[in-house]
Amino acid sequence: MEPDMALSKNTRGVFFAIAGGIGWGFSGACAQFLFQEYGLDPLWLTSTRMTCAGLALIVVALVWYRRALKGLFSSWRDIVQLMVFSIFGLMLCQLTYLVAIQYSNAGTATVLEYIGPVLIVAATCFSACRLPTAREFIAMGCVVMGTFLLATHGDPTNLVMSPQALFWGLGAAVTAAIYTISPGTLMQRHGSIPVVACGMLIGGAALCLVTQSWNFAPEFGEGALDAEGFVALFVGLILFGTAFGFTAYLQAVKDIGAAKASLIASVETVSATAFAVLWLGTAFEAMDFVGFVFIMSTVFLLANFRSEEAVRE
């Protein structure tokens with residue numbers, strides 16, 4: 001009985017990790033579609049996405065995690081840490097990623113964002129005053145080579161990616177690293193869903209108020225954001241891509257652990273690229289895919305390293 005239960009839990013975790021990654025990839029493609037077809041502003045899109053997804057996750061937290069949600073606001077230290085995570089981690093991560101999509105495409109922006117884990121390794125080595133291990137050195141080299149190939153296709157005299165796309169893509173990687181590090185022990189003490197729900201809502205509201213993003217809101221109806229755009233925005237980007245994507249991924253983390261879940265969820269890059277090609281007709285060249293492989297290989301390099309560290313401990 002127990003082996004069957006363990007198998008069922010593992011199967012469920014793998015399923016939700018894949019579903020979460022596909023959801024995130026689809027949300028990136030939906031964002032690209034909304035930029036291309038309707039010219040939506042990334043400030044408005046980010047604040048709307050985060051606020052609506054945050055409200056949906058708050059409902060989930062109120063139903064299943066009410067005590068943890070209340071405990072999150074019982075300490076000023078936790079509140080300050082939540083604010084830092086919401087604004088400098090989650091909100092900036094979402095904004096830079098969407099702007100990167102606006103200047104490039106969902107596949108390229110998603111792959112560039114996956115440079116984040118290597119930046120975390122570099123920051124960890126610096127703070128610990130140690131040299132990177134062999135695998136960490138290889139991962140850093142793969143990131144440099146992959147970024148070079150994506151930006152130049154191997155010709156250093158020719159930048160095939162716009163400077164804005166490269167800037168915001170690397171910005172998404174930096175903010176993804178901050179997003180990963182900034183919550184600290186909040187998620188261990190209060191649970192992932194309450195923290196992400198509040199982070200989404202706070203970050204979205206803060207961006208909306210600071211930038212007055214309602215001034216960039218699209219018109220609804222014929223000639224503006226029509227029914228197809230509405231479905232892509234609220235069903236694809238917000239509900240499936242964000243609220244469901246995060247919830248599925250966090251369930252996978254609970255079932256199979258963070259290392260395995262994050263490795264499987266990297267299917268996000270494949271799904272984002274596939275949706276961009278098959279749905280939106282985005283064209284990639286062979287050198288783009290070589291760059292993708294270099295950058296995504298770091299996921300496996302660093303996952304294997306974490307596994308070995310866990311065994312040694």
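Even glycines carry a Cβ here, placed using N, Cα and C.
Taken from TrEMBL, the feature transmembrane segment covers 12-35 (among others). A Cβ distance under 8 Å defines the sequence-distant neighbours of the transmembrane segment (12-35), meaning residues of its chain 6+ beyond its ends; these are 42, 45, 97-98, 101-102, 105-107, 109-110, 229, 232-233, 236-237, 240-242, 244-252, 254-256, 260-261, 264-276, 279-280, 282.
DSSP assignment over the domain 'EamA' (12-151) gives 122 helix, 0 strand, 18 coil. What TrEMBL lists as domain 'EamA' is 12-151 (among others).
Residues or ranges marked as transmembrane segment by TrEMBL: 47-67 (among others).
Marked as transmembrane segment by TrEMBL: 79-99 (among others).
Per TrEMBL, the feature transmembrane segment maps to 111-129 (among others). Distant neighbours of the transmembrane segment (111-129): 97, 100, 136, 139-140, 143, 146-147, 150, 166, 169-170, 172-177, 179-181, 266, 269, 273, 291-292, 295-296, 298-299, 302; these residues of the same chain sit at least 6 beyond its ends, with a Cβ under 8 Å from one of its Cβ atoms.
Annotation comment: TrEMBL describes 136-153 (among others) as transmembrane segment. With a threshold of 8 Å between CB atoms, the same-chain residues lying at least 6 positions outside the transmembrane segment (136-153) that come near it are 108, 111-112, 115, 118, 121-122, 125, 159-161, 166, 170, 285, 287-288, 290-298, 301-302, 305.
Summarising the annotation, TrEMBL assigns transmembrane segment to 165-181 (among others).
Taking H, G and I as helix, E and B as strand and the rest as coil, DSSP gives the domain 'EamA' (165-302) the counts 113 helix, 2 strand, 23 coil. Among the features that TrEMBL reports, domain 'EamA' is placed at 165-302 (among others).
Per TrEMBL, the feature transmembrane segment maps to 193-217 (among others).
What TrEMBL lists as transmembrane segment is 229-250 (among others).
Per TrEMBL, transmembrane segment is recorded for 262-280 (among others).
Positions annotated as transmembrane segment by TrEMBL: 286-305 (among others).
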The transmembrane segment (286-305): which same-chain residues, six or more beyond its ends, come within Cβ distance under 8 Å?
107-108, 111-112, 114-115, 117-118, 121, 133, 135-136, 138-139, 142-143, 145-150, 153-154, 259-260, 262-263, 266, 269, 273
Report the listed stretch (47-67, 79-99, 165-181, 193-217) having the maximum count of Cβ pairs within less than 8 Å of the transmembrane segment (229-250).
47-67
Hey, would you say the transmembrane segment (165-181) packs against the transmembrane segment (79-99), going by three or more CB pairs under 8 A that are 6+ residues apart?
yes
